[in-house]
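Colleague: Here it is, the structure, as structure tokens.
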Amino acid sequence: MTGDNVLVCDNIVRRFGGVVALKNVSVAVRQGEIFGLVGPNGSGKTTLVNAITGFYPPQDGTITLDGQKINGLKPFRIASMGVARTFQNVALFHGMSVLDNILMGRHIFMKPNPLASFLYPWWAQKEEIAHRRHVEEVIDLLQLAPARDEHVDVIPLGLQKRVELARALCAEPKLLVLDEPMAGMNQEEKEYMVRFILDAQDALGLTVLIIEHHMDVVTALCDRVLVLNNGQEIAQGPAREAIADPRVVEAYIGKPRNAA
Amino acid sequence: MFYRLSGTYHTSYAADRKLWKIPADRWMVILLLILAVLAPLYVSPLYLGSYVLPWVIWSAAALSLTLLMGLAGQLHFGFAAVMAIGAYASIHLVRFGVPFELALLLSGLIAAAIGTVFGGAALRVKGLYLVMATLAMQYLVDWVVVNVPAISGGAHATLRTPEVSFLFVPVESLAARYWLALGWAVVLTVFFMNVKRTSFGRALVAIRDKDFAAAVIGVDPFRTKLMAFATSSFMGGVTGAILAYCFYRAVTPEQFGFNVSIQLVAMVLVGGLGSVIGSWLGAGFVLLMPIFLTNVVSGLAAGGWVPVSQNFLSHLPLMIYGAMIIGFLLLEPLGLAKIYDNIRKYFLVWPFRHARS
């Protein structure tokens, strides 16, 4: 549980025109923990994730992964350094089967080239099968076997989110970033998803950064949380304590009216 | 195609990734291949030379284009120019004394180099804007070919292909030319299917479907798009050379004009984007259907079945052809390949209704 920091964000600032979406946000995610990112809509959670994964590089501050500076790198570079993520609205490849989508997760370990494809039996096949083994382990872990050969756009949303998680897990990430993995799910699907995340963390020793709105999920999953409001940190610490903080309650449901 | 199946079950990952997973499909492919190879023995030279041979070559061209347009999702409206580069390069290389086999390879590489330079535009622009960039390539290449006498031999010149032999067989008789073209088309077909089952093909599709999601799992959009342009242009360049040596045997710039590019796009769209069988069906449809319709209509007219004027008669086949394209795309936007797939799946599980691929 304890250990070194995997991800360190130091005084991150991100502006969009005149809007300051992140104001000096600092956060450190430790090896092996599940770290929650909480806050009302528009508080800058997804912007922080986008800053970490390289889509909106921060204008100020530094982000380090395992001691290496990653801000300013292109998203695909950051991905190949071991950051995998899922998206709030599922971002699967609709032209592919479930299996091919998950195989894409192995992309950073593969060396695609047309000549290898041309000489498939002598060259590419070995690589394909070796990676298929890894993929099948993740498919077993997330119980996706029955859907393996389906096309991704015909399976239900809950399953699509699980496929996206599987794709991210296949990259053997140092840091797994989950952007609202439970959005749009019913209670049963949510419970399944929590169980899968815990299983995966147990089996693979993951470090997870998770954005989540459902407080029951946050308290069930997260070791520590950071609460953002209007791009600023308002609380950080162990999940239950941080969420009970009066400023967090105020940000979510408003200030209790003073008796006067 | 008439067989029933309770499901396809594999015992190894290699078997699961076979090109044709069902025995009946394998037999069909072997049968088709034998029929195709033996075609010079039973197809009359007239039909072989004017229908089957161009069909095979244009299928190869459609396969080259659909790698780029169908798999990688990069629109290209100047593909005839790529083929022109291949054709002219191969002729000049052979005249220069390069062996034909090597000249084919080099002409592909030259086409790939030039095609990739123009494809570089794709890194900045998408969709219609990329269409404009590739159109610019079409007109630029056309202009250079026409106006540089060293390439075209003069503004209205026709450049005859020199006599060559491929692996010691002279590419002279109709059968030899057909077999060379067929060999290339088969190589491209197998290559394309292999691309689709390897990481290269998946990366292309990922870039096409969701570029940000592709980037977040480590696909380099820059490299992948350039690789798509290079590979597709290489295939197109060699196909252009094959077209020059095996079919036209004398090239002029008009043979690689803008209308040819559009025709290629039509083949790819009617056949079904990114599909192997679609490329063959689409090329066949676009090339042969107008001819077939003309024959049918004039046959009917001769028998007195179509009482229309001679003038209208010449336009009637084209009208039917246009209506057929619109009809196909309305009924099945995924093209002839999808129609074939639907029929295949129907018989796969007949008399039941639901098929798993």
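Including glycine, each Cβ sits where the backbone N, Cα and C put it.
Just so you know, TrEMBL annotations are computer predictions that nobody has curated.
What TrEMBL shows for this protein is this:
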| type | residues | note |
| --- | --- | --- |
| TRANSMEM | B:27-45 | transmembrane segment |
| TRANSMEM | B:51-70 | transmembrane segment |
| TRANSMEM | B:102-123 | transmembrane segment |
| TRANSMEM | B:130-155 | transmembrane segment |
| TRANSMEM | B:175-195 | transmembrane segment |
| TRANSMEM | B:226-250 | transmembrane segment |
| TRANSMEM | B:256-278 | transmembrane segment |
| TRANSMEM | B:285-306 | transmembrane segment |
| TRANSMEM | B:318-337 | transmembrane segment |
Colleague: Should the transmembrane segment (B:226-250) and the transmembrane segment (B:27-45) be scored as in contact, given a threshold of at least 3 Cβ pairs under 8 Å and pairs 6 or more apart?
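Modeller: Taking Cβ pairs at least 6 residues apart, the transmembrane segment (B:27-45) and the transmembrane segment (B:226-250) are not in contact, as fewer than 3 fall under 8 Å.
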Colleague: Are there 3 or more C-beta pairs under 8 Å linking the transmembrane segment (B:102-123) with the transmembrane segment (B:256-278), counting only pairs at least 6 apart in sequence?
Modeller: no
Colleague: How about the transmembrane segment (B:51-70) and the transmembrane segment (B:175-195): at least 3 CB pairs under 8 Å, pairs 6 or more apart in sequence, or not?
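Modeller: Yes, the stretches contact each other.
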Colleague: What residues elsewhere in the chain lie close to the transmembrane segment (B:130-155), defined as a C-beta under 8 angstroms and at least 6 residues from its ends?
Modeller: 74-81, 84-85, 88, 92, 114-115, 118, 121-122, 252-253, 256-258, 261
